[in-house]
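Asker: Sharing a structure, written as structure tokens. Questions coming.
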Amino acid sequence: MDIQDERRRLLDAEGTDEYETVTGVRSEQDIYLDKVQNGKLYLAVFVSVLGPLSFGFVLGYSSPAIPDLITTNDDRVRLNDDQASWFGSIVTLGAAVGGLLGGWLVERIGRKLSLMFCSLPFVFGFAIITAAQNLWMLYVGRALTGLASGVTSLVVPVYISEIAHERVRGTMGSCVQLMVVTGICGAYVAGTYLGWRWLALCCSLPPTLLIVGMCFMPETPRYLLSQGKRREAEEALRFLRGPDAPVQWECARIEEACDHQGAGFKVSDLLEPCVYKPLAIGVLLMFFQQATGINAIMFYAENIFEDAHFDNRALGTVIVGLTQVFFTGIAALIMDRAGRKVLLCISGVAMTISAAVFGVFFHLTTGQHNNTSVRAMASGVEGSLGAGPEVDLAWLALASMGIFIAGFALGWGPIPWLVMSEIFPSNVKGFASAVCVLTNWGNAFIITKCFQDLLALLTNAGTFWLFSSMCAINVVFTIAFVPETKGKTLEQIQDNFRGTPAQFHS
Ligand code: BGC
């Protein structure tokens, strides 16, 4: 009996008696997925995305906390501009290191334990900030929460892609970014009511819930099978797919793919097209995500609102946060229907145009504010884009910023993380994802730190035109190189890179 017959027998054994529909032959996959119930899968995704929610809180924390720490009466923890800039950006350095640690952890202790582990530096980091008596405690707290964010940004997409099935994987995977932006927005909102110490305490709630909730969630079936634990893998699948699904069928399918992929990562694997091709795509997606300048533009947000005569800067940042949440939610809903490539292209075009218009805004208003506001904007601490005649054009800045942020949320925000979790063979997943996460956070650090120099070198307009050109390159790169992963199993995606015909269809 060949392998196809064996798998079909597993479906039949569970009472499947029809392969034909009115429209033609149904694939084994469809027959299997029709029997799946998703309730527990959604629960596991919900618990795991408390990780990205925590990491959103880390990213959002500095925006309300910095002005508070600059004006605090307690001179042991009062920040100057330079210290404030480190307080904001040290998180990205910690996260870059966290990416490396995460890549090692997911292979050593598995996906579930890595997720539980990353709650610890979140909670300790926020506890140290809450109790801070000097600047070093603030920096250490930020670096620890950054480290946890790096581990989370690697482990959660991997966990979700390995427990979800192809009908909902795009939507489930997009929940990672949805929770990141919800966390950012949550920190902005909570920051309007709470001082920096109470805010840090509040930020430690989601990671605490994560560690407790994960105790009740399963390890991923793929990881268990890669460890030769077939019985545990079937149990995990039974939990995730409900009582009616013939989980042995899915187990057989994953096992077969594991056999193809071999065990453990070896440097010689890098010569295989099914490794170097997805690795190059993953790294470039991460590089390009940061090259859009998203973090610099989010940094600008408060100044732009101020320029548009929004007296309440905090309200301005909350509006930015809500825009991100709204459009990331839309992306999550349509991801499995629209596909990754289309959304990346729409997102890239929207960002190319809006960043170019942003540049035009600066070009038209140059000379009136260039020298006075550059440093203030880059430090993100104080200052406005200027006052006077250019105020009339503030709507242009507001509109282009809104379109840029919405565009990012629709594609370039969630999709690099989603695609990273889909394209690597199991045996190189830890290593390859770590390289991607390192590229993303390393680049985020460089861009936020060099932003000030870029403004000085290229002028404000030139810097935004540079971001706009990067977004245009993103679109070309997407069309030429990014594979469409919508509706495919992880095994089919890897078969495509290997150049072998996709298996497991009908
Ligand atoms: C990016 C971060 C960014 C965040 C907020 C993430 O996908 O990797 O750099 O700050 O989205 O939009």
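The backbone N, Cα and C atoms fix where each Cβ goes, and this holds for glycine too.
The feature transmembrane segment is assigned by TrEMBL to 41-64, 84-106, 113-133, 139-160, 172-190, 196-217, 279-301, 313-335, 342-364, 393-419, 431-448, 454-482. Sequence annotations record features per position, and here TrEMBL assigns domain 'Major facilitator superfamily (MFS) profile' to 44-486.
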Asker: Could you give the residue numbers and ranges of same-chain residues that sit at least 6 residues beyond the transmembrane segment (41-64) on either side and whose C-beta is under 8 angstroms from one of its C-beta atoms?
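Answerer: Residues 87-88, 91, 115, 118-119, 122, 125, 142, 145-146, 148-149, 152-153, 155-156, 159-160, 163-165, 168, 172, 175-188, 190-192, 196, 199-200, 203, 206-207, 209-210, 213-214, 216-218, 239-241, 302, 314, 317, 321 contact the transmembrane segment (41-64) from elsewhere in the chain.
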Asker: Please compute the mean pLDDT of the model over the domain 'Major facilitator superfamily (MFS) profile' (44-486).
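Answerer: It averages 88.
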Asker: Please indicate, using numbers and ranges, the residues of the same chain that are 6 or more beyond the transmembrane segment (393-419) and have a C-beta under 8 Å from a C-beta there.
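Answerer: For the transmembrane segment (393-419), the nonlocal Cβ contacts are 153, 157, 161, 170, 173-174, 176-178, 181, 281-282, 285-286, 288-289, 292, 294, 297-298, 300-301, 304-305, 307-309, 320, 323-324, 326-328, 330-332, 335, 340, 343-351, 353-355, 357-358, 360-361, 364-365, 385, 436, 440, 474, 482, 485.
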Asker: Are the transmembrane segment (313-335) and the transmembrane segment (172-190) close enough to be called in contact, which here means at least 3 C-beta pairs under 8 A that are separated by 6 or more residues?
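Answerer: These two stretches do touch.
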Asker: Cβ pairs under 8 Å only, please: of the recorded stretches 139-160, 196-217, 279-301, 431-448, which one is richest in them relative to the transmembrane segment (454-482)?
Answerer: 279-301
Asker: Check the transmembrane segment (279-301) against each of 84-106, 113-133, 172-190, 196-217, 431-448 and return whichever range has the most CB pairs under 8 Å.
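Answerer: Most Cβ pairs under 8 Å with the transmembrane segment (279-301) come from 431-448.
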Asker: Take the transmembrane segment (196-217) and find every residue of the same chain, 6 or more past its ends, with a Cβ under 8 Å from one of its Cβ atoms.
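Answerer: Non-local partners: 43-44, 47-48, 50-51, 53-54, 57-58, 61, 64-65, 68-69, 72, 112, 115-116, 118-120, 122-123, 126-127, 129-130, 132, 141, 145, 148, 183, 187, 190.
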